[in-house]
Amino acid sequence: MDFESFTLLAATDDLGVEPAARVDADGLELRMDFADEPLAQLDAYDGDLPILVTNRPTWEGGEAADTAGRLDALETALEHDAVTAVDLELAALEGAGDHDAGRVADAARDRGASVVVSTHNFESTPDREAIVSRLERACAHGDVGKMASTAQSPDDVLAMLGATRELTAEGEQVATMCMGAAGRHSRAVAPVYGSRIGYAPVDPADATAPGQYDLATLRTLVGQLQSDA
């Protein structure tokens, strides 16, 4: 996955959804921190869709313990041919935790995999200038800078969309979205402004973040909006 155009990922903790996801998704995001035996799942995987692996630590809203094993698992996952991208937290790459996330980024590049550098705010959305600054830092570490924040108002969504458009115009690859009810529509609208990645579960009951649409709905909405743009 090179993310040169919009890529819709089916977010899941179970690679068994691949046949159903194939209808609407361009790839899968395997949430290793939510999954049972994620490395065994990768060993058994014979699907067609490429995979982005995420092993989110508890301090960034996930369920993985902040141990060297979290990064070791990502590095092992990258040995699988189907894994063509990895998500690493901006804070980890800038020194949060006691372990070297940079080695995973290096391993990904050695294998020709893309690096998505992510940052999250589960409480609020900063102003546009702060969003741009955060995403620029993320882009400096990886191929795509990803930011998800919680919107409390339409103004928060406008700040995120404005930052997305600004950075896209500068040639950066970013993936952006606002979480929560006030920001839900951003998941469909942000690709029109340049966001390169969307995330959605096949089944809405399996959402991995607040405000996610199900996969088929998001594919339809994005397709309609992009065709009108």
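Cβ from N, Cα, C; glycine included.
Site annotation (Swiss-Prot, ligand 3-dehydroquinate) includes Glu29, Leu30, Arg31, Arg56, Thr208, Gln212; from Arg22, Arg187, Arg196, Arg219, the additional listed residue is Arg187. In this view, Thr208 (3-dehydroquinate binding site) is surrounded by 19 other Cβ atoms within 10 Å of its Cβ, with every protein chain counted. Closest in space to Lys146 (active site, schiff-base intermediate with substrate), of the recorded positions given as Glu29, Arg31, Arg56, His120, is His120, taking the CA atom of each residue. Taken over all pairs of the listed 3-dehydroquinate-binding residues (Glu29, Leu30, Arg31, Arg56, Arg187, Thr208, Gln212), the Cα spread reaches a maximum of 20 Å, rounded to the nearest whole number.
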